[in-house]
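Here is the structure we will look at.
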Amino acid sequence: MTTARYRPTWDLALEPLVSCKLCLGEYTVEQMTTIAQCQCIFCTLCLKQYVELLIKEGLETAISCPDASCPKRGHLQENEIECMVAAEIMQKYKKLQFEKEILLDPCRTWCPSSSCQAVCKLQEKGIQNPQLVQCSACDIEFCSACKANWHPGQGCPENMAITFLPGDSSSFFKSLEDDVPIKRCPKCKVYIERDEGCAQMMCKNCKHAFCWYCLESLDDDFLLIHYDKGPCRNKLGHSRASVIWHRTQVVGIFAGFGLLLLVASPFLLLATPFVLCCKCKCCKGDDDPLPT
């Protein structure tokens, strides 16, 4: 990966300018960065902001080339990312990569205790079946499948999709409590920590949206009607004005799309006969025998 170096302005004025695909600005070659794997080139500032944004939001895969039409579908290597971002952001990137590695490894899992969160090893023999796992750090014994306290001779409880395990290893999982900082995604079972803010949560692993308090799915609740009634009423964490503004934006988007279809429909109806006519002429021309 090439990085920018600064040179006197009189030298830069003589160099050809290269267009950045992200900001569409024109820069000298030395102000650009080339991704080694695919040779796509962007201005260094744009690529740096792109990488930092993905890391701060919590990436789920390797950082890919920002060009959606990249022919090689390249990815940034770790050394390229390290040259671009600050040390604390790079540390978070390595942590995210490690968490992803544990998530994909069938022989390793996280200790479910919120006060521990150590990595535990599973026995490779019978890995597809629930097995007893003992954390080497806090000595808690739990089920590898549902992460509940070990339950020999019993099936995994169906209501263990969302659980929270406090520091006391003798107590059972708590769920559906407003004050617990860690809960599990109802879809993929990954642990999610909520510091503060909005109660509408989105799992970074599976992109499932749900309510933090009652764990109900919000995937189809674009207007956040869920927080207008029931036990979660007015618990969204935003002012009433901000909720109304959000709903206005959503309704405006759908209304604009519908209006666009309404305006375009007469033109589509008028254009359809011409398209069909041209297609029929082309087909007729193909069927005519060649002159001899």
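Using the three backbone atoms N, Cα and C, a Cβ is placed for every residue, glycine included.
As the structure is a computational prediction, the values presented were derived from the model and not from experiment.
Other Cβ atoms within 10 Å of the Cβ of C198 (active site) number 13 in total over all chains. Among the features that Swiss-Prot reports, active site is placed at C198, with the record citing sequence analysis.
Here Swiss-Prot flags C20, C23, C43, C46 as Zn(2+) 1 binding site. Sequence-distant neighbours of C43 (Zn(2+) 1 binding site) (same chain, six or more apart, CB under 8 Å from its CB) are C20, L22, C23, G25, Y27, Q31, M32, T33, listed in sequence order.
Residues or ranges marked as Zn(2+) 2 binding site in Swiss-Prot: C111, C116, C135, C138. Long-range neighbours of C135 (Zn(2+) 2 binding site) (same chain, six or more residues apart, CB within less than 8 Å of its CB): C111, S113, C116, A118, C120, E141, F142.
Feature annotation from Swiss-Prot assigns Zn(2+) 3 binding site to C143, C146, H151, C156. Residue density at H151 (Zn(2+) 3 binding site): 15 other Cβ atoms are found within 10 A of its Cβ, drawing on all protein chains shown. Under DSSP, H151 (Zn(2+) 3 binding site) is assigned to coil, being neither helix nor strand in the three-state scheme.
If you look up Swiss-Prot, you'll see C185, C188, C203, C206 marked as Zn(2+) 4 binding site. Annotation note: C203 (Zn(2+) 4 binding site) sits in a coil segment as assigned by DSSP. Note: C203 (Zn(2+) 4 binding site) has non-local neighbours C185, K187, C188, V190, I192, A209, F210, i.e. same-chain residues 6+ apart with C-beta under 8 A of its own C-beta.
Positions annotated as Zn(2+) 5 binding site by Swiss-Prot: C211, C214, H226, C232.
With a cut-off of 8 Å between Cβ atoms, the residues of this chain six or more beyond the transmembrane segment (250-270) that come close are 222-223. Under the heading transmembrane segment, Swiss-Prot lists 250-270.
Per Swiss-Prot, zinc finger is recorded for 20-70 (among others), and the stated evidence type is sequence analysis. Confidence in the zinc finger (20-70), given as mean pLDDT, stands at 88.
Annotation source Swiss-Prot lists zinc finger at 91-156 (among others).
The zinc finger annotation in Swiss-Prot covers 185-214 (among others).
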Task: Integer Cα-Cα distance in angstrom, C206 (Zn(2+) 4 binding site) to C146 (Zn(2+) 3 binding site) - done: 18
Task: Shell list (Zn(2+) 1; ref centroid = CB of C20, C23, C43, C46; cutoff 8 A) - done: K21, L22, L24, G25, Y27, F42, L45, L47
Task: Shortest C-alpha distance to C156 (Zn(2+) 3 binding site) - which of the binding-site residues C211, C214, H226 - done: C214
- [ ] Please name the residue among the binding-site residues C146, C232 whose C-beta has the most neighbouring C-beta atoms within 10 angstroms.
- [x] C146
